[in-house]
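Here is the structure we will look at.
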Amino acid sequence: MTDDSSPGTPTPGASTPGAPQPVVPPVVLPPEASGASDLHGRRGKARSREEFRAHVLATRADFERQVQARKAQLDATNERIAERTGRNLILAIVIGLAVGALVLVSLIFIKELFLVFGMAMAGFASFELAQAFRGSGRRVPRIPTVIAAVGIVPATFFLHAGGMLVALSAGIVLIVVWRLVEELFVAASRHGARALGRDLLWSVFVQLYVSLLASFVILLLAEPGGEWWVLAFLILVVSVDTGAYVSGLSWGKHPMAPTISPKKTWEGFAGAAAAAIIAGVLLSVFMLGEVWWFGIVFGVVLLLTATAGDLAESLIKRDLGIKDMSSWLPGHGGFLDRLDSILPSAAATYVLFLIFR
């Protein structure tokens with residue numbers, strides 16, 4: 001059988017070794033066909049970004065509208081409260097929280113820091129009262145008054161009741177001598193024996209009202225575990241004030257002492273009583289480790305002392321013809337305006353501590 005294909009004859013369709021390969025030209029698409037998909041993708045991405053940006057802007061605008069609406073509502077509420085109480089509620093809350101945090105930290109962790117805080121409060125409160133008396137023509141010496149009020153705090157803490165009595169007596173002597181020297185050697189301070197006696201009487205009153213009552217807080221603090229009693233009675237007094245404020249603002253219609261404090265109502269007193277008993281029982285059981293019924297006693301006693309202290313300071317301010325002792329604490333008035341309920345309650349708490357411990 002003969003083979004028609006010889007070894008030297010190439011097979012059709014086969015490539016010859018060494019021969020150049022044919023070049024296939026690339027297929028060129030029309031411009032509109034090659035860029036259509038890319039352009040569509042870019043347009044889709046741009047549209048997505050614009051939609052996302054628009055959504056973000058709309059959400060932000062809606063959030064800002066809600067914030068402005070809430071702010072307007074809060075401002076309107078604050079204005080209504082200010083009209084009824086004469087207080088800026090927001091500032092009062094902020095300052096109250098700041099002071100409360102300082103008291104809490106100093107009581108629990110660093111008693112010496114609370115001493116500094118107590119010295120400052122006693123000094124400011126005594127200065128406010130002395131300044132208020134001077135504004136009504138009762139010349140209470142300010143410098144010795146502040147020195148005496150500040151000095152009784154460390155004396156009470158380190159030397160206890162004996163140190164308190166010595167510091168109180170020394171402070172009164174200092175004030176009396178100071179006022180006598182003014183009467184003798186300062187022509188502007190000479191107003192006769194009757195005016196001098198009145199000035200000395202009010203000067204001693206400042207020491208008894210501010211310095212003596214404030215020293216009971218320090219006496220309590222110096223006792224073992226006394227920091228918890230101080231914290232408990234402060235919380236209880238704040239509860240009384242808050243209960244009276246909220247219930248009086250919401251339902252107050254029947255004045256309690258219209259000639260002394262027209263805004264005090266029996267409805268507010270009822271709210272204060274409820275808050276005092278509830279807080280007293282909780283504090284007695286969970287903070288002081290006392291029986292539950294002691295909390296009722298604790299609450300009722302401090303309800304009475306806090307209310308009496310508030311009315312007493314209102315009576316003093318009415319006699320002096322002023323609304324607040326000062327404007328150093330926005331939303332609160334002065335330091336003494338915040339201490340009016342605390343000072344007599346401190347003495348009552350110390351007595352309860354001595355009886356039940």
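Cβ atoms here come from the backbone N, Cα and C positions, even for glycine.
What TrEMBL annotates here:
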- 1-18: compositional bias 'Low complexity' (COMPBIAS)
- 19-29: compositional bias 'Pro residues' (COMPBIAS)
- 1-48: region 'Disordered' (REGION)
- 89-109: transmembrane segment (TRANSMEM)
- 115-133: transmembrane segment (TRANSMEM)
- 140-159: transmembrane segment (TRANSMEM)
- 200-222: transmembrane segment (TRANSMEM)
- 228-247: transmembrane segment (TRANSMEM)
- 268-286: transmembrane segment (TRANSMEM)
- 292-312: transmembrane segment (TRANSMEM)
Result, the transmembrane segment (140-159) in contact with the transmembrane segment (228-247) (3+ CB pairs under 8 Å): no
Cβ contacts under 8 Å made by the transmembrane segment (140-159) with residues that lie 6+ beyond its boundaries: 115, 118-119, 122-123, 125-127, 129-131, 133-134, 166-168, 170-172, 174-175, 178-179, 182, 199, 202-203, 206-207, 210-212, 214-215, 218-219, 221-222
Leading contact stretch, 89-109, 115-133, 268-286 vs the transmembrane segment (200-222) - CB distance under 8 Å: 115-133
